[in-house]
Ligand SMILES: C[S@@+](CC[C@H](N)C(=O)[O-])C[C@H]1O[C@@H](n2cnc3c(N)ncnc32)[C@H](O)[C@@H]1O
């Protein structure tokens, strides 16, 4: 498969794999081309896609070249017009020939687009695009600055292990102007010095989209951490307090929530004038050894070494709840692998704009007989837990897809939610546990509200006294957050065991974030579980054994457990 076919397949993301573009490319097995080359081609093409979309549409190439899909046309025209070495294929390659046949027209349209944008040289045009000053979806003008439709602020969590909000406002952000309006920050150009202090999460601020602090001393020293607002919800909602004892982060890499947990402990301790490591510890499980290395680095950079033990290469499902070291685990944070459908791309990465064949020649689509049209799947933008470039047009596929995307998605969601539920049920087995948060960066009810309902209906919850953490019991910022569980997810749940009242309470207790709104969050879900009273550890073990056929600690698994699902790769 040539570079362009591989790049188009990754951009189409037909597997709907979550995670950053980088992690999806580097984590992909069996790719033939160099990952670095693929990454460069895809990210550069995405950056230029608003310009190239128009160039491709106006050139008419898609109408005449049946071998080209909109994605291939974008990638090839990028290399033809902008790459130093031109199209990276032998001269008799079918794709190279297809694009070269239209070279003159593509060049002419590109020149027109450049001049229309007011640039006399390609270099000036390139600088403009590289500065991120929007070749994409230019939709509005604000104070002379153009902004794109789905701008995402640069969220920054102040690492309270090392510093405080007050200190960074006085130092790192001393020359920034504070505004109460997140909208003002979102529409500001990347270089402007606007700052918004978040109203829900303590120690979180928003800067304009694409604000680049990656070389700033505060970032390099771990005083500030780039973390999306939604991604801060779980540790804040879990709210581990001194009496909660030790904490498990069950799916920890790259470590945003682990270090946030450590910062919360640190903050609580400093308000009580104690040191957290004397009575509380965080165990961070990460099954993937490679990702565990990143996790360890992040923990060290955040100054959280004394608070966190990284369990690298260790599967949380093999952790024995009865083990001596887990006897004080009172709180667990579960943020398992998920479809990543809430990811809107890497931190403020660009949006992919696909050329439309239909828009150019309305008659063409209907005259294509058997060819099928389907919506291009959203493409991961380029991060940890963020943006996948979203597509703006329909991709035409010439061949029959192997199976319908909705069937693929349905079975993928079934596997994912079974795995997520299994983790949640395992967390409920820790005898001293009193608090759990369950979160995903997915927008699908199957991975969210339905997992919660399933757990609540299951005797892991009912037999052991677990219940949902109601809205009115949540920490202040989460109680005030207005986007709650999806009503349609709740309505579609068959009320077999849970009463209408319970279902309504759960819907109100669940917390969601939506992507692409003026709130500047990614798509996200979190729910809290609590257990009242002291419990009775021996009875707990019996209930668990009886219910699951699992003797925790000796590795004897039930039939259901034997089918180990490996999960999808995650954000990097
Ligand atoms: C969504 S990511 C976690 C992101 C992380 N919580 C953060 O905020 O940076 C899920 C992680 O869980 C890991 N994982 C999945 N299943 C696991 C398991 N059974 N035990 C331990 N880690 C697991 C994956 O390798 C992946 O790194």
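Even glycines carry a Cβ here, placed using N, Cα and C.
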Query - Residue from 241, 243, 286, 325 that TrEMBL also lists as binding S-adenosyl-L-methionine with 251, 252, 253, 254, 255, 256, 257, 315, 335 - result: 286
Query - 110-130, 131-151, 152-172, 173-193 - the range that TrEMBL marks as region 'Disordered' - result: 131-151
Query raised in the report: Which is it, of 527-549, 550-572, that TrEMBL names as region 'Disordered'?
Result: 550-572
Requested in this report: Output the one of 251, 255, 257 that, of all these binding-site residues, has the highest number of other Cβ atoms within 10 Å of its Cβ.
Outcome: 255
Report task. Within 10 Å of each Cβ, count the other Cβ atoms, then let me know which of the recorded positions 253, 441 comes out lowest. Result -> 253
Query raised in the report: Three states by DSSP: which one describes residue 255 (S-adenosyl-L-methionine binding site)?
Result: coil
Query raised in the report: Within 10 Å of the Cβ of residue 315 (S-adenosyl-L-methionine binding site), how many other Cβ atoms are there?
Result: 15
Query - Between residue 441 (active site, nucleophile) and residue 253 (S-adenosyl-L-methionine binding site): CA-CA distance (Å) - result: 14
Query - Overall pLDDT for the domain 'SAM-dependent MTase RsmB/NOP-type' (144-532), taken as the rounded mean - result: 83
